[in-house]
Amino acid sequence: WWDERVSARFRRNLQPTLTYWSVFFSFGLCIAFLGPTLLDLRCQTQSSLSQITWVFFSQQFCLLLGSCLGGVFKRTLSQSLFALFASSLAISLVFAIIPLCHNVVVLAVVMAVAGLAMGCIDTISNMQLVKIYQKDSAVFLQALHFFVGFGALLSPLIADPFLSDTNCILSNSTANASSNLPHIRKSLVPHHPGNLSHYDLPMKGMVVTRVSYAFWIMALINLPVPIAVFFLLYKERMVPCFNGSSHPLLSADELAMEARPVDKDELSPPLQRPHTAGGHDDLFSCCQSQNFRGASYTYFAVHVTGALVLFMTDGIVGEYSGFVYSYAVEEPLAVVHKVAGYLPSLFWGFITLGRLISIPVSYRMKPATMVFINVVGVLITFLLLLIFSSSVVFLFVGTASLGLFLSSTFPSMLAYTEDILQYKGCATTVLVTGAGIGEMVLQLLVGSIIHDQGSYSFLVCGMIFGCLAFTFYTFLVFFHRMYPKPSPELDEASPDKAAVPGDTGQYQR
């Protein structure tokens with residue numbers, strides 16, 4: 001279902017591509033386990049509910065920080081691979097160490113390390129796939145984000161048999177603690193610990209929990225990932241004992257520019273520097289003043305509007321998965337707790353299914369078209385959820401629909417924005433950072449609004465965020481049309497020429 005050129009390019013880069021996909025599986029495995037296991041971790045650390053939920057914040061904040069810093073390791077392939085090796089190995093170590101954390105502060109520090117590792121994985125894996133495939137990267141980015149969804153589905157399934165059915169701190173102080181446990185488990189919302197303060201659970205007593213086995217199983221499942229990265233380092237002769245040398249990580253158009261006479265490169269006008277200079281820096285390098293010289297306003301506008309679209313759409317993913325259960329159990333729907341507990345699983349299940357479907361679809365459909373379908377679909381779904389707000393059946397249908405439309409937004413937007421910028425600038429770093437900020441900020445915002453205005457505001461907020469995402473996408477399309485096309489002199493060095501049969505398509509160091 002794809003042409004021989006792309007198939008041959010994939011075969012030439014099979015090992016690095018599979019390695020980056022497997023590393024993103026580690027990312028998904030680590031991002032989804034904390035919610036269902038948090039009550040058992042509360043027992044393990046003998047902390048209050050409000051204290052233990054701040055572990056969410058330490059992970060998410062450091063994930064955002066790691067995403068910003070991930071571009072630091074982009075200069076050479078060896079730096080990128082060693083960063084991925086250290087990050088994936090750190091995730092296995094975190095899984096193994098968590099059962100030994102009997103203090104909530106120590107647990108928060110360990111989860112902060114996991115967040116840093118996840119942020120590096122997020123930025124570097126997206127960046128490297130874009131560098132390898134460039135104009136053909138959309139389908140491979142869709143597959144990359146399928147693996148994070150697969151990991152996010154697998155870790156709660158691994159943890160579920162080992163979760164406590166009753167309160168895991170044996171105490172006589174709260175007789176009804178065990179009856180509240182299933183409801184509390186489903187209503188845990190990241191970054192908004194105040195909504196659990198009215199639940200009274202014992203903090204002292206005998207700890208009875210088997211959740212340690214789940215973490216050790218996940219550590220073993222994740223262990224092949226750093227091994228795969230190590231084998232890629234070995235293949236590229238970058239393991240120190242082989243005296244391998246690291247070379248600058250150049251994109252295909254930079255390699256083409258190197259093959260041209262030097263005087264043409266030196267005579268290129270200053271206004272073209274943003275397009276001919278290497279990009280994909282870390283966020284702090286992107287903000288340096290020399291990167292702004294001679295750049296048109298559309299150069300910045302594409303970065304900003306692309307990041308704002310993902311700020312809204314990833315924010316919707318975070319706030320919807322976090323609060324849909326709380327919305328369902330409140331009036332007027334008043335869904336029973338057990339049934340409402342299926343909604344977040346349904347949402348994430350259809351996100352994973354949508355990412356799987358998007359792999360073949362993205363090869364036949366342009367990224368811009370896919371993003372348009374996604375944001376319009378999100379907008380229409382929220383509109384129908386508002387219209388049929390009293391229907392439990394449509395809440396389930398709308399949740400599945402929303403998961404499908406949101407599933408491919410991030411990889412499609414990344415491929416579209418990189419295509420506009422001719423694979424220069426800082427699109428990957430800026431978009432990953434914008435998505436991470438949106439997921440954290442919008443959950444805090446929606447949690448506060450629901451607390452003050454009631455559960456119906458949950459859908460109103462989603463509708464507003466969907467409208468803003470569509471508006472920012474419209475601006476992005478406008479700036480795309482205004483963005484200067486590459487000059488004929490640079491046409492041979494453009495990414496459009498990077499995928500011709502004459503191009504080696506090899507893994508570039």
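Each residue, glycine too, has its Cβ placed from N, Cα and C.
All TrEMBL annotations are machine predictions without curation.
Here's what TrEMBL has on this protein:
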TRANSMEM  18-39  transmembrane segment
TRANSMEM  51-73  transmembrane segment
TRANSMEM  80-98  transmembrane segment
TRANSMEM  104-125  transmembrane segment
TRANSMEM  137-158  transmembrane segment
TRANSMEM  213-234  transmembrane segment
TRANSMEM  297-317  transmembrane segment
TRANSMEM  339-357  transmembrane segment
TRANSMEM  369-388  transmembrane segment
TRANSMEM  394-416  transmembrane segment
TRANSMEM  428-450  transmembrane segment
TRANSMEM  456-479  transmembrane segment
REGION    487-509  region 'Disordered'
Stretch with greatest number of CB pairs under 8 Å, the transmembrane segment (394-416) reference, 51-73, 137-158, 297-317, 339-357, 428-450 candidates: 339-357
Any contact, the transmembrane segment (51-73) to the transmembrane segment (137-158), with at least 3 Cβ pairs under 8 A: no
Stretch-level contact, the transmembrane segment (213-234) and the transmembrane segment (80-98), CB cutoff 8 A, at least 3 pairs: yes
Range from 80-98, 137-158, 369-388, 456-479 with most C-beta pairs under 8 A to the transmembrane segment (297-317): 456-479
Listed stretch, out of 104-125, 339-357, 369-388, 456-479, that has the most CB pairs under 8 angstroms to the transmembrane segment (137-158): 339-357
Beyond the flanks of the transmembrane segment (80-98) by at least 6 residues, Cβ under 8 Å: 19-20, 23, 26, 29-30, 41, 70, 73-74, 107, 110-111, 113-114, 116-118, 120-121, 124-125, 127-128, 212, 215-216, 218-219, 222-223, 225-226, 229-230, 232-233, 236, 238, 249
